[in-house]
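Enquirer: Per Swiss-Prot, the feature transmembrane segment maps to 3-23, 54-74, 81-101, 119-139, 149-169; the stated evidence is sequence analysis.
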Amino acid sequence: MKLLFDFFPIVLFFIVYKFFGIYTATAVAMVASLTQVAFYRLKFQHYEKMHLFSLAIIMVLGGATLFFQNPWFIKWKPTGIYWLSALVFYGSSYIGSKPLIQKMMEANINLTTKIWYRLNLAWTLFFIVMGALNLYVAYHYDTDVWVNFKLFGGVGFTLLFVLIQAFYLTKHTDEKSFEKQ
């Protein structure tokens, strides 16, 4: 259910774009992101950092898209999120006691420090590649293709990456890791 909630703004953007175009879809995504953050706050009594991060980017780039009537600003949004995520993941390898991926997953899986750092680097590289891929599609194809890529390509590549990561992790975990759950 949380995954669906997390994808709520992008799914709404996709549907509205198909019927009303990029500017209406951008406005709806901005409102959906704001609603998502408010609802999460009311329900759980705190904010989720990723929702706030995404909200800030969509308000700035979505606002610029609407103000200047230029879709290129919103097309940069996924790249901004991917590349800032890459920076945060990479930085966490040098700032703090543990890489970010370890902080996120260590309650569910037991890995060596070396593997946590490799996994963190893999996510960093994944985010860099996805940001570059978004720009490639945005600049080499029309907006219809970019919108489809944004939803289906972004989600598809992420799921594929997680699946590959799961296979990699099975070689580096022991049975006790899975007994925790």
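Here the Cβ of each residue, glycine as well, is placed from N, Cα and C on the backbone.
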Enquirer: Go through 54-74, 81-101, 119-139 and flag the stretch with the largest number of C-beta pairs under 8 Å relative to the transmembrane segment (149-169).
Expert: 119-139
Enquirer: Of the listed stretches (3-23, 54-74, 81-101), which one yields the highest count of Cβ-Cβ distances below 8 Å with the transmembrane segment (119-139)?
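Expert: It is 81-101, which has the most Cβ pairs under 8 Å.
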